[in-house]
Amino acid sequence: MDKIIIEGGNTRLSGQVTIEGAKNAVLPLLAATILAEEGKTTLTNVPILSDVYTMNNVVRGLDVDVAFDEANNQVTVDATGDILDVAPYEYVSKMRASIVVLGPLLARKGHAVVSMPGGCTIGSRPIDLHLKGLEALGAEITQTGGDITATADKLKGTTIYMDFPSVGATQNLMMAATLAEGTTIIENAAREPEIVDLAVLLNKMGAKVRGAGTETLTIVGVDSLHGVEHDVVQDRIEAGTFMVAAAMTSGDVLVKNAIWEHNRPLISKLMEMGVEVTEEENGIRVKSDVAKLKPVTVKTLPHPGFPTDMQAQFTALMAVVSGESTMIETVFENRFQHLEEMRRMGLRSEIMRDTAVIHGGEHLQGAPVMSTDLRASAALILAGMVADGVTTVSKLNHLDRGYYKFHEKLQALGATIRRVSEEG
Ligand code: EPZ
């Protein structure tokens, strides 16, 4: 397994960085291609990430033709044949996000078998809201031998109130409802930009989805959907990660083709700290002087609240800002593991259930650290840039799930960083 070695100290990032298509958009978009009974679907601006390869294999395992043209960042899917209704355990078990094939597969085939996703390091990740919603649409759900089997001759539109605005459950139910009989209303739906991107694709395919981006979705069922072309929305979390990297290194970075609207909760917190964030015609510019930044309190919430996927990275920024900052993680129950690792770098913090108090501004020291999940990996690398001495981050399989050429992009901005194989 590779590791990343960072020489910290006085890194000041400057220049421009380009953002990829969003991991958390392309995965459900790939699942949605299953719905097209005629014509091929081509997704462009597809990021080269290990999770994309995994989802391609999940869809391919349904006897669907999936061609990934990495050189042009595009995937073409032909689901026009008589596709299978059992998602391949080998790949589904690798990535819990595969669960979003359940809704479209059930809608297309009237029967679907998908293995039950396990938990992960950041939380137990139940799927009760997915299953409850599909049952409300008339599906019969059984769970045997670690598999979920869903059956429904024809899903029937209904009104579903979601106990929690789950992103994945909203996506599963929205996709299932596109081919249901009648109208489905999903209340307390997730509002993330990735939900909007999925609705745009579905409507291009011939679906009738209204209200995406608000807490109420209305989906009028249609008979069939067809293949289209669609450009994956920019990755707001990758963009946010580089915005935080610039802020914590007293940098001056233009995050190219980042979308201001998608990052408003993060931008508002950065500005509250004293970071200069400006909207330019081709992206978002971030300038800061760490010495002048003030500590803040942040609470993660479903969109349009502060994104939980920026929590770890933001705690690295809090670590360099003098004073006591507070991070409250309300979305996942175990998402502070990066702080345990940063303790090895000298960070003082107290964690009480969903709240972490961070004593920032005391110099971090470089150390060997281990990443526990995707965003923790990014946070530890960012911390390594500002720590005195050398930091080595291992277990990079997590990082490769959600960031493309992360260390090269940081290197191009001025970080002293390299990636070596464990042996090296
Ligand atoms: C998506 O996960 C993202 N993943 C996550 O990004 C992101 O953190 C999360 O949304 C929240 O924004 C993808 O899009 C592939 P949820 P998802 O269902 O859909 C509880 C990253 O780093 N819940 O909104 O799994 C759940 O336990 C990843 O890119 C239920 O209780 O998130 C959690 O506490 C990490 N029952 C909360 O809701 C359910 O049936 C949010 O989960 C479903 C969820």
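From the backbone N, Cα and C atoms, a Cβ is placed for every residue, glycine too.
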Recorded UDP-N-acetyl-alpha-D-glucosamine site member, picked from D78, D147, D153, D309, that accompanies R96, R125, P126, I127, D128, L129, V331 in TrEMBL: D309
Rounded Cα separation (Å) that holds between D128 (UDP-N-acetyl-alpha-D-glucosamine binding site) and C120 (active site, proton donor): 16
Sequence-distant neighbours of R96 (UDP-N-acetyl-alpha-D-glucosamine binding site) in its chain (C-beta under 8 A, six or more apart): P117, G118, C120, R125
Mapped DSSP class for I127 (UDP-N-acetyl-alpha-D-glucosamine binding site), helix or strand or coil: coil
Between I127 (UDP-N-acetyl-alpha-D-glucosamine binding site) and K23 (phosphoenolpyruvate binding site), the C-alpha gap once rounded to whole angstrom: 20
Close in space, distant in sequence - K23 (phosphoenolpyruvate binding site), Cβ under 8 Å, 6 or more apart: P47, L49, D51, V52, D235, I237, R401, G402
Recorded positions compared (C120, I127, L129, V331) - the one with the fewest other Cβ atoms within 10 Å: C120
